[in-house]
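Colleague: Starting off with a structure, shown below.
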Amino acid sequence: MIKKIGVLTSGGDAPGMNAAIRGVVRAALSKGLDVYGIHDGYLGLYEGRIEQLDRHSVSDVINRGGTFLGSARFPEFRDEKVREKAVENMREFGLDALVVIGGDGSYLGAKRLTEMGFPCIGLPGTIDNDVAGTDYTIGYFTALETVVEAIDRLRDTSSSHQRISIVEVMGRYCGDLTLAAAIAGGCEYIVLPEVEFKREDLVEEIKVGITKGKKHAIVAITEHICDVDELAKFIEQETGRETRSTVLGHIQRGGAPVAYDRILASRMGAYSIELLLQGYGGRCVGIQNEKLVHHDIIDAVENMKRPFKGDWLDTAKMLF
């Protein structure tokens, strides 16, 4: 019988994590459970930095970006002895279960703890939208708004100087954020990790645009594909057009979550408590066709593949 649960945020922060924590805490309290917050993710669990939360602990956090519990990357958690120490701390505080908010790496930690006798539920918290088993992750829509706003601003200056602008977008190895932002921002060219990229092909596309009368352009590219500064130099050299690169970086992770992220996080947080009370563990929550679902964590991480939005890319190419 579950009486006490813990909640932590792990990996890169994402707007809406606070809303998810609030959803977990308020839903758990409504069911008569005690809730404990773990500071700085699995690192805090290992170090025993755990404190009890009440309704007031999550007051006025739904609109705040980041995570008030803090987050940290802690690869040492893969070590069984490290996990045993974390389990010892959970026992010391009398915790029966855990809700983990984060990405794939965070999910695997939750699965290992479940195997050690502590049922865990994972919630997808990342701006990259790269977690399998869900259409959208907590933080994605807020980051999308941030990127589109940046593209709009770049367009203003690019058009003024008849310049080509390259904007590098986060996403790790998933192009969802770049693709959606490119469509919403009217970017002329898109470079995604899911599609083979040759800089010479991009230059040819840009040259075609120039012959059609394009005076300026925006190139949206997902991180880790190439050095965008070098790409800018190559484009300028080959086209004769002034070209500048902009790396948006961690600004994409910040800011107050948009309404949809707050709603999604709240629903997922409350749903995680329902699953724990039903006896589930080692599961991850998702939203598919606007319905909350749950999957086995290992199945989601190792076997499920996120479908590439090829139809979105086709649409984007028609519009440019």
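Including glycine, each Cβ sits where the backbone N, Cα and C put it.
According to Swiss-Prot, the protein carries these features:
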BINDING   GLY12, ARG73, PHE74, GLY103, ASP104, GLY105, SER106  ATP binding site
BINDING   ARG22, GLY23, VAL24, VAL25, ARG26, ARG155, GLY186, CYS187, GLU188, LYS212, LYS214, LYS215, HIS216  ADP binding site
BINDING   ASP104  Mg(2+) binding site
BINDING   THR126, ILE127, ASP128, ARG163, MET170, GLY171, ARG172, GLU223, ARG244, HIS250, ILE251, GLN252, ARG253  substrate binding site
ACT_SITE  ASP128  active site, proton acceptor
Colleague: Pick out which of the binding-site residues VAL24, MET170, ILE251 has the most other Cβ atoms within 10 Å of its own Cβ.
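Modeller: Of the binding-site residues VAL24, MET170, ILE251, the highest Cβ count within 10 Å belongs to VAL24.
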Colleague: Could you say which of the binding-site residues ARG22, ARG244 has its Cβ with the most other Cβ atoms inside 10 Å?
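Modeller: By the 10 Å Cβ neighbour count, ARG22 comes out on top.
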Colleague: Just counting, how many other CB atoms are there within 10 A of the CB of THR126 (substrate binding site)?
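Modeller: For THR126 (substrate binding site), the count of other Cβ atoms within 10 Å is 28.
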Colleague: Measuring CA to CA, name the entry from the binding-site residues SER106, THR126, ASP128 that ends up nearest ARG22 (ADP binding site).
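Modeller: Comparing Cα positions, the closest of these binding-site residues turns out to be THR126.
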Colleague: Of ARG244, ILE251, ARG253, which is closest to PHE74 (ATP binding site) if I measure between C-alpha atoms? They're all binding-site residues.
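Modeller: Comparing Cα positions, the closest of these binding-site residues turns out to be ARG253.
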Colleague: Given a separation of at least six residues and a C-beta threshold under 8 Å, show me what packs close to ARG253 (substrate binding site) in the same chain.
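Modeller: In sequence order, GLY12, ASP13, ALA14, PRO15, GLY65, GLY66, ILE127, GLY139, ALA143, MET170 meet the Cβ cut-off.
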Colleague: So for GLY186 (ADP binding site), how many other CB atoms are inside 10 Å of its CB?
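Modeller: Result for GLY186 (ADP binding site): 14 other Cβ atoms within 10 Å.
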Colleague: If you run the three-state DSSP split on ARG73 (ATP binding site), which class comes out?
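Modeller: In the DSSP reduction, ARG73 (ATP binding site) maps to coil.
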Colleague: Which residues of the same chain, at least 6 positions away in sequence, have a Cβ lying under 8 Å from the Cβ of ARG26 (ADP binding site)?
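Modeller: ARG55, VAL58, GLY269, ALA270 - these are the non-local Cβ neighbours of ARG26 (ADP binding site), listed in sequence order.
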Colleague: Give the three-state DSSP assignment (helix, strand or coil) for ARG26 (ADP binding site).
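Modeller: For ARG26 (ADP binding site) - judged by DSSP and reduced to three states - the answer is helix.
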Colleague: 10 Å Cβ neighbour count around GLU188 (ADP binding site)?
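Modeller: A count of 19.
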